[in-house]
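The structure appears right after this line, and notes come after that.
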Amino acid sequence: MSSQTPTAQNLSFVLEGIHRVKFEDRPIPKLKSPHDVIVNVKYTGICGSDVHYWDHGAIGQFVVKEPMVLGHESSGIVTQIGSAVTSLKVGDHVAMEPGIPCRRCEPCKAGKYNLCEKMAFAATPPYDGTLAKYYTLPEDFCYKLPESISLPEGALMEPLGVAVHIVRQANVTPGQTVVVFGAGPVGLLCCAVAKAFGAIRIIAVDIQKPRLDFAKKFAATATFEPSKAPATENATRMIAENDLGRGADVAIDASGVEPSVHTGIHVLRPGGTYVQGGMGRSEMNFPIMAACTKELNIKGSFRYGSGDYKLAVQLVASGQINVKELITGIVKFEDAEQAFKDVKTGKGIKTLIAGPGAA
């Protein structure tokens, strides 16, 4: 991997192929419309999708065919604004929503812009990501951070936005019992959002005890470590150990692992709600008989939509969710490749990469 250039104007972390990355000085982006702003990117979180592109060169139909800047969980400082920008000014600290919809297709007009047919999403081929010094995006996809939210915390508005969308899909209401499978960053944040929405019992499920220990301190009221027994047995044990009666109200899978999907269906009460937030294999077996006979409400969840980022910022600003606890490391920009290697091995919970030239 080539080393970074000290005099670079817009140093970027570029994926060329599987396990092949480089630092490249790219042109400073320009305003594409009067409604755009240019942001000096200060912090970027490493997401599982970034690591997957680095490790495999593709995610499903999205294949890296040309060099692509990685990263999409970012925050920064506004350095330039378009002539029509009214909600931001130079110097504002912002969280950056990295997916820009066309605003014209049927899903966009229906208010589901996360399903936009022409979505331009950062670090999803063929679009460059945010691991660069500068990035351009529309003003309404930048969320001004109050003084109570630091720039490192601002980078976590992206995974928190994902969690907000998942929990909204589940329609979690006060007094409910929610089971969350997968205690990675998104799963942990789902626990926190469910708590903020009034869930009275939140059970975090994972096979790694350290993650369960953290989940219990962070937002979960209970934890469950599944055995290698069939999903029905794990579900029965979870119900018994937590006195869930006929089952949980809501099950959220943030792991994408087939045994979790099965256990999630079986742990629900009749009429309960299941939301698939984690992505695993493109196809897997599914307990359709249990889903039908219990008349479950089953939904998918993809990224985030209208109001999700805004609510994420509000939940942190109000003190209901403390995302700072998830940040287990901040590395220099020149150490980005090693950070990717560390994240692949499961080191830490959320690692941030500081922008070029930052301490």
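Sequential numbering from 1, following the chain as shown.
Note: Cβ is positioned from N, Cα and C throughout, glycine not excepted.
According to Swiss-Prot, the feature Zn(2+) binding site maps to Cys47, His72, Glu73, an assignment based on similarity to another entry. In sequence order, Thr44, Cys47, Ser49, Asp50, Pro98, Phe121, Ala122, Ala123, Thr124, Gly129, Thr130, Glu158 are the residues of the chain that are 6 or more apart from His72 (Zn(2+) binding site) and have a CB within less than 8 Å of its CB.
Classification of Val186 (NAD(+) binding site) by DSSP places it within a helix. For Val186 (NAD(+) binding site), the count of additional Cβ atoms within 10 Å of its Cβ stands at 23 [all protein chains shown]. Residues or ranges marked as NAD(+) binding site in Swiss-Prot: Gly182, Ala183, Gly184, Pro185, Val186, Gly187.
Between the CA atoms of Gly182 (NAD(+) binding site) and Glu73 (Zn(2+) binding site) there is a gap of 20 Å.
According to DSSP, His72 (Zn(2+) binding site) is assigned to coil rather than to any helix or strand. Around the Cβ of Gly184 (NAD(+) binding site), the number of neighbouring Cβ atoms within 10 Å comes to 21.
The Cβ of Gly182 has fewer other Cβ atoms within 10 Å than any other of the binding-site residues Gly182, Pro185, Gly187. In this structure the alpha carbons, written CA, of Gly184 (NAD(+) binding site) and Glu73 (Zn(2+) binding site) are 15 Å apart.
Rounded to a whole value, the Cα-Cα separation of Ala183 (NAD(+) binding site) and Glu73 (Zn(2+) binding site) is 19 Å. Put simply, Glu73 (Zn(2+) binding site) is 16 Å from Gly187 (NAD(+) binding site) when counted between their Cα atoms.
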